[in-house]
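Participant: The structure's right below; bear with me while I get my questions together.
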Amino acid sequence: MAAGPPSSVRAERVLRAACAAMAAAGALLLGFSAQTKTVLFIQKKAVPKDVQALWVLIVAAAAAAAYHVAQLARCFCMERLAITGGGGGCRRLGRAVACASFLLDKGCAYMVFATTVAALQACFVGLLGVDALQWSKLCNIYTRFCEQAAAGMVCSLLAAAGMAVLSAFSARDLFRRPCSPEYR
């Protein structure tokens, strides 16, 4: 009877799936948030493209979700190769994949965190207004839009935190692999 994967591999899978789900939820909540209001006989629609930082966050969160789904598939494929015995002679390839995974995990975490913080900063103007520039508080008018945007950004922040933990998993995986003899 074959034993299942180690608990660290299971934890990485669960965390990757959670990060993919949270990033996708953030992108979907932000992407489908829109609200139309009539102000002084003029209909005005609030959409994420009105705030450039929100649009960038949607793209970044969707790309991060796709990346983590691909990494999850890689985890399952590597386990399948290890079970069938087909991956025995590719240590250098395994180290290269671990290095690429580490760098991409770090980059993905930084990208999602940076775009989320930029979107939060841009949305605080809509939430609080700027008296010096006579910008009104838009969230008093577009309440549902602001609530959906806030939920999307919370999902993206949770995904970024999970991605930071995943980069620690990737670092552990990379530095546990032995170097090839010619580099020692």
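Cβ atoms are placed via backbone N, Cα and C, with glycine included.
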Participant: Same side of the membrane for K44 and T143, as recorded in Swiss-Prot?
Facilitator: yes
Participant: With CB pairs under 8 Å as the measure, which of the listed stretches 14-34, 53-73, 110-130 comes out on top against the transmembrane segment (149-169)?
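Facilitator: The listed stretch sharing the most Cβ pairs with the transmembrane segment (149-169) is 14-34.
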